[in-house]
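J.: So TrEMBL lists the following for this protein:
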- 68-80: compositional bias 'Basic and acidic residues' (COMPBIAS)
- 93-102: compositional bias 'Low complexity' (COMPBIAS)
- 1-108: region 'Disordered' (REGION)
- 126-159: repeat 'TPR' (REPEAT)
- 227-260: repeat 'TPR' (REPEAT)
- 295-328: repeat 'TPR' (REPEAT)
Amino acid sequence: MPSCAPPSVSRRIFRNPCSTWPGRSPKRISGNPQIATDGNGPRTAGMSAFRTLLPASGPWPASPTTNDGRRRGAEPRHAQLQEVPRMNHDFQPSVGPDSPGADGPGDWRRVAAQCRQTLAMNPQDAQALARLGSALAQGGQTDAAIAALEQAVRLRPEIPWRRALANACIGAGRFADAVRTLTLVAALAPRDSEVRLQLAGLHLHLGQPAEAERQARAALGLAPRSAPALHTLGQVFSAQGRHPEAIGAFSEALRLAPGSIDSRFGLATVHQHLGHFSTAETLYTEILRGRPDHHGARINLGNCVQALGRGEEAIRLFRAVLRDDPRSLEGRVNLCSALVQEGRGAEALRVSADYTPPAGREADWTAIRALIFERLGRLEEAAALLRPFVHPDCAARQVVNFAGIAKRLGGERAQEAVGYLRAWLERNAGGVPLPELRAARFLLGDLLDRLGEPDAAFAAYDAANRTGGMRMDRAALLALLGELERHPPTAAEAPEADEEDGADLVFVLGMPRSGTTLAERIIASHPQGWGAGERTTIGAIAAELGGGEPLRYPARLATLTRGERDTLRRRVRDALGAPRGPTRIVDKMPANFLHLGLILRLFPAAHIVHTLRDPRDTCLSCYFQNFVGEHPYKHDLGDLGFYYRLHEGFMDHWQRVFPGRIHVLRYEALIDDFTGEAQRLLDFLGLPWAESCRDFHQDAHGVKTASYAQVNRPIYRDSLGRWQPYAAHLGPLFAALEAGVENEAEKQDALP
């Protein structure tokens, strides 16, 4: 039976992607697995056919829902559900103690006719009843199959017939009856590990994880080196949110059965639940090498690369899914979501037009339609569309999307959304993937902040940052700065002058939330300007030059050949995707402040714009954002203060190495004197003044970061002094800003 794929129309929180940066190299899964497949979908050799319901369309798995958005069945609220398995994959039970096995699937009508002839002469022929039940089950006539098998078992209670009866009950959706039958089989065959595995799957499906775990552990006790038992235990742990244990179980199953697609997929979804998108990407890619048509891996890979800030790549993956299956709800939902995140709302609206979702999936489709309307500014329409599907038992996508719309509307809608979010969080906090939970908590903070409740808002933001957030590696960043200082670019190493000097390129960098998007939009609004958005190419090149070791790349810059530089230049330009015509092309990636030496090594005439904002406002705004991608520095106020001062240390270094090459754009000065500061920015870029720059907010269609709502309005002052209502909560931030990086460097020097 092929795997089905219920979607999870994820609410995308439009935040800044982050480039690859030191201290966070992606985890890799070792080995070169041989992927085992068969004609019906991903299977694992020798494993019970637990068909994972595909967590198809979000950067995290989610449960299937009914037409009104409720999960199918109030309990359990698992992050991952399983279809109920049949044992031994396409197991067809033997029909008697002397029978060699079931008849082939194409023979069921002939077998049924033969059995009926026999039963016409002897209605009490148990073997004929059992064979008839097995044949009818193969033909999908489950009610008649159950009746025949029940009669056979009453006449002769053979274990294979009881198993056949249990499988027929599963096919009919009578899961509790299947549990009762298999429980008796387990008592009669206490050494049979496979029946324990099937019971574990049934109990998990019925929302009984404790009993599912007991049965899975019993199976493992009977077969300690059983990959199927470990896989099943991984499913049980995953359903209970016991992610480290799930990772351990799936990993051990893979060690014993390296070709298991099911276990690799299970491991990938757990990492995706936890927001470990780089690791999940690696696992999904490994699956697709051996099984290119694996629907779940294709969808989830797209969501991982989107979560890592590679939106165009995600769009290509989702379009490929739709080419193969134009009616795929998962493919269409995810494509629309990716287009919205890339700032292409009008295109998403076209993709969503004239599509009718499958019966029972209207809530999923409504959620993505509402998301599109929100991005197009049709807020009331979006709220009215989604409101009927929002309630405490709805999927995360409904309540989170509605809250995002209400945040922009404010007033009564915001108050209404606060109530929904609180009720939803109280009911679901222990049973949904961490990225969903984190998104809901951030939005609760946003709403409370807008409603003027700073203490309650900060509590929500603080809880969000503690929900699965990574911590930064301070030592790695300090070491990188030290390496850059030891290997500064020199005049002797400067590239030869040539026509490819990058004079048309503008790199806007600095701390996130410091005005980088505003700077990009001002330049892009100029007739000669164009904004490429945030591109991760420079960070990826830096990681590659170091061979996975960030500390090696500064020394490597001096050894780049002319050919290598030309190749890397083409790669950067291809990633920018600029049209012909603009004379100033903006790459706005805040984290590129780490790699300014690389940028100017490749493009010696490039323009560098460094945005600065009050560190208290900058850090608070980072703390309040649910960024896309991996931002380990922002989940702890002390880390944020340290990272801000470290960013200053990097920029001080670059100012010494490249004097006069960096234009500093101060956010507060831009607010106070927009025309004067914008004119100075254009002068630095060699552009004449253009009135269109004053109207930058009217051209925000391509903005896809956390700043979308801000740059979609004229210049405003309410972001100044943003930290003041929260001052009572910011002690760790103030202390870190005061201490700077010197104390941390001294600590590192003192280590043995």
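Note: Cβ is positioned from N, Cα and C throughout, glycine not excepted.
Keep in mind that TrEMBL annotations are predicted by a computer and have not been checked by a curator.
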J.: Write out how many residues of the repeat 'TPR' (126-159) are helix, how many strand and how many coil, based on DSSP.
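T.: So the counts come to 28 helix, 0 strand, 6 coil.
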J.: Counting each residue once, how many in the repeat 'TPR' (227-260) are helix, strand and coil under DSSP?
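T.: Helix, strand and coil residues of the repeat 'TPR' (227-260) number 27 helix, 0 strand, 7 coil.
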J.: Summarise the repeat 'TPR' (295-328) as counts of helix, strand and coil residues per DSSP.
T.: 27 helix, 0 strand, 7 coil
